[in-house]
Structure formats: structure tokens, C-alpha cells
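Just below is one structure, and these are the notes that go with it.
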Amino acid sequence: MSIYEISRRPRRLRTTSAMRELVAETRVSASDLIYPMFVADGLDGKREITSMPGQYQHTLDSLKAGAHDALEAGVRCIDLFGVPIDSDKDATGSVAWAEDGVLNRGIRALREEFGDDLIVMADTCLDEFTDHGHCGVLGTDAQGAEVVLNDATLEGYTRMAVAQARAGAHVVSPSGMMDGQVAAIRRALDAEGFTGVSIMAYSAKYASAFFGPFREAVGSSLSGDRRTYQQDPANLRESLLEAQLDIDEGADFVMVKPAMAYLDVVAKIAEFSPVPVAAYQVSGEYAMIQAAGRNGWVDLEATMMESLTSIKRAGAQQILTYFAVDAARRLR
Ligand code: PBG
């Protein structure tokens with residue numbers, strides 16, 4: 001008996017753990033997770049990334065070992081980034097499409113090791129490979145200003161994507177935010193017969209301070225910023241245009257990046273996208289949770305799982321996250 005007339009008591013569905021699980025609207029599973037990994041040239045052994053504890057620049061051997069751990073935990077997709085030695089970088093990033101370039105060797109090693117058991121996705125962008133660190137080639141525009149050239153950069157992306165497909169990538173993922181990049185890559189892949197290789201488009205990618213630790217992870221040569229090609233954090237509307245364009249250009253997945261500070265963008269795109277919508281929980285998001293967790297300021301595991309659940313609840317079907325293996329183990 002209650003003296004209050006409360007007929008609607010939402011707490012009833014929160015009474016026990018079994019009840020909470022019964023009514024949970026969102027579930028993260030290992031098969032939703034994509035694990036970004038770094039393969040580096042010129043290393044004797046794997047090297048931990050200071051600002052991303054638990055994440056490494058890998059040799060080919062430690063890459064394979066790490067991918068085995070991921071697969072064992074239930075993660076079935078790796079997103080691979082390459083870190084060349086400095087002397088291999090040049091103005092156009094040409095080592096990106098060299099058959100023996102470090103990223104292409106990494107892709108090949110994973111395909112040889114895992115066949116189709118593991119989805120091998122490759123980052124398709126030039127910033128790790130150019131000596132100036134930009135995602136494209138530099139030049140002057142029609143008014144004489146120095147810019148990252150859009151259309152000239154597409155040529156590099158298409159060569160890179162074809163080289164990645166040739167090395168065995170199941171998925172290429174253009175992340176450079178050049179206009180028309182998805183259409184250019186689709187056409188180039190198809191022309192070479194790689195009609196079965198899919199494209200995960202970084203559709204809404206913001207010029208974000210949350211990428212900070214990634215710069216160490218890939219030994220970035222960038223000085224300055226990427227604000228003339230990545231999006232302004234103030235804007236939502238242009239993300240809808242970017243996603244629509246990528247869908248029209250043939251993207252098999254669209255993606256939003258970073259994730260947690262852009263869940264409104266994820267939710268809006270998920271409302272209309274006819275293709276799967278992914279989100280990338282980036283290096284800075286991982287670093288912040290790790291740092292606070294390691295200081296005992298937040299519960300690391302609980303914060304990790306809550307962050308992933310929130311990203312999925314917002315509408316992301318796939319989550320790229322450095323927590324992929326830890327989270328998958330936790331879900332076991
Ligand atoms: C660029 C690229 C970046 C990230 C993925 N691809 C960095 C940037 O745009 O500056 C960031 C990933 C992360 O922070 O985890 N190719």
C-alpha cells in the first residue's frame with residue numbers, strides 16, 4: 001500500500017539485473033567492433049604509444065599476434081594504419097601505393113594469415129606518408145594561395161586504394177575529406193576489377209583536437225591544422241550533405257568521427273542513411289578514459305562500456321575503437 005497515487009512506476013523495470021537486461025534497448029557485441037591497429041616500418045619490436053596506453057606501433061609479427069588476440073576475443077575487423085620511416089615520406093606520399101610500402105605489407109600479412117576469417121580494412125589517406133603531414137598534395141590555387149589540392153589528391157587516393165585492394169584489403173576507408181573521393185576510388189577499384197572491395201567513407205570527419213594522441217601514434221609530420229578540409233565542429237548541417245554525397249558516390253558504409261562529442265551527428269545520419277552508419281571513438285577519447293581510469297578517477301571498465309553503449313544507442317551500428325579487444329573480452 002502506498003499513500004501516493006503513483007500508477008506509473010518506471011523503476012519496476014529496473015528492479016533486478018535480469019529485468020534490466022530484458023528491457024535493454026541497446027546491446028554492444030564484439031561483432032560490432034572494429035579495432036584500429038598501427039603497423040610501422042623499421043622497428044625491432046612493438047613500441048607502446050605513450051599517450052595511448054595498451055596500443056602499439058607494430059612490427060609485422062606483432063601485428064599478426066595482436067590480430068590473433070583480437071579474433072580470439074571475437075573482434076572480426078581490423079582497421080590498419082601504416083607508419084613509414086621518415087626517409088620514405090615525400091611530397092605526394094608515394095610510398096602509400098608502393099607494393100612494398102609498410103601499410104601494403106601489413107595488409108598482405110593479415111590476409112595471408114587470416115584469409116577471410118578477419119575483415120581487413122585499410123586507412124586510405126596520405127597524411128602518414130607525406131613529408132608535410134597533410135592528407136593530400138600541396139599546390140597553389142588559381143589565385144596563388146597555397147592549398148591542399150583537391151582533385152590532384154584524388155589521383156593519389158585512387159592509386160593507394162587500388163594498391164590496398166591488390167594487397168588484399170576487404171575494405172578501403174578514405175579518411176582525407178577531399179570532395180569526390182568516394183566516387184573516384186569506386187571508379188578506380190572497379191576499373192581494376194575490384195568490384196567486391198567495399199568502401200567505408202569517413203563522411204563526417206571533424207577538424208578535432210581529440211585526434212591529438214594519433215599524431216604520436218603515426219609519427220605525424222604535420223605542423224598547422226586540417227581546417228580547410230576537415231569539418232568545423234560548429235556544424236551539423238554539412239555532415240548531412242557529406243553523408244548524402246558519399247552515399248550517392250557509392251559508399252558502402254558512412255562514418256562519423258570523432259564519436260562521443262558528435263553523437264547528434266551520428267543520430268541525424270542514422271535517421272536517413274540506407275547504408276550502415278559507423279562511428280570512430282578516436283585516440284583522444286581513448287586516452288582520456290584511460291588516463292582517468294588509471295588515476296582511479298573513473299572506473300575504467302564501466303566507463304569504456306558506457307561510452308560504447310552510448311555510441312551505439314545514438315545510432316552507430318559499427319564502432320571503431322581502441323577498446324575493441326578489451327571490450328570484447330569483457331563481453332565474453
Ligand atoms: C587521417 C586520420 C586521422 C585519424 C584517422 N585518420 C588523423 C587526422 O585526421 O588528423 C585520427 C584517428 C584517431 O585520432 O584515433 N588519415
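Every residue, even glycine, has its Cβ placed from backbone N, Cα and C.
Automated prediction, rather than curation, is the source of TrEMBL annotations.
The model shown is predicted, which means the values in this text are computed figures rather than measured ones.
Cβ neighbour count for LYS205 (active site, schiff-base intermediate with substrate) (all protein chains, 10 Å cutoff from its Cβ): 27. Per TrEMBL, active site, schiff-base intermediate with substrate is recorded for LYS205 (among others).
Here TrEMBL flags LYS257 (among others) as active site, schiff-base intermediate with substrate. DSSP assigns LYS257 (active site, schiff-base intermediate with substrate) to a strand in the three-state reduction.
The 5-aminolevulinate 1 binding site annotation in TrEMBL covers ARG215, ARG226. The Cβ of ARG215 (5-aminolevulinate 1 binding site) has 15 other Cβ atoms within 10 Å, all protein chains considered.
Taken from TrEMBL, the feature Mg(2+) binding site covers GLU242. Neighbour density for GLU242 (Mg(2+) binding site): within 10 A of its CB lie 23 other CB atoms from the protein chains shown.
The 5-aminolevulinate 2 binding site feature in TrEMBL is assigned to SER283, TYR322. For SER283 (5-aminolevulinate 2 binding site), applying a Cβ distance below 8 Å and a minimum sequence separation of six or more within one chain yields SER51, MET52, PHE210, PHE211, GLY212, PRO213, PHE214, ALA217, TYR322.
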Inset, instruction - Could you check the recorded positions ARG226, LYS257 and say which one's CB has the fewest neighbouring CB atoms inside 10 Å? - result: ARG226
Legend entry - From LYS205, ARG215, ARG226, LYS257: recorded positions whose CA lies within 10 A of GLU242 (Mg(2+) binding site): LYS205
Inset, instruction - Using CB under 6 Å from any atom of ligand 1, narrow the recorded positions LYS205, GLU242, SER283 to the ones that qualify. - result: SER283
Legend entry - Cβ atoms near TYR322 (5-aminolevulinate 2 binding site) (within 10 Å, other residues, all chains): 27
Legend entry - LYS205 (active site, schiff-base intermediate with substrate) and LYS257 (active site, schiff-base intermediate with substrate), Cα-Cα, nearest whole angstrom: 5
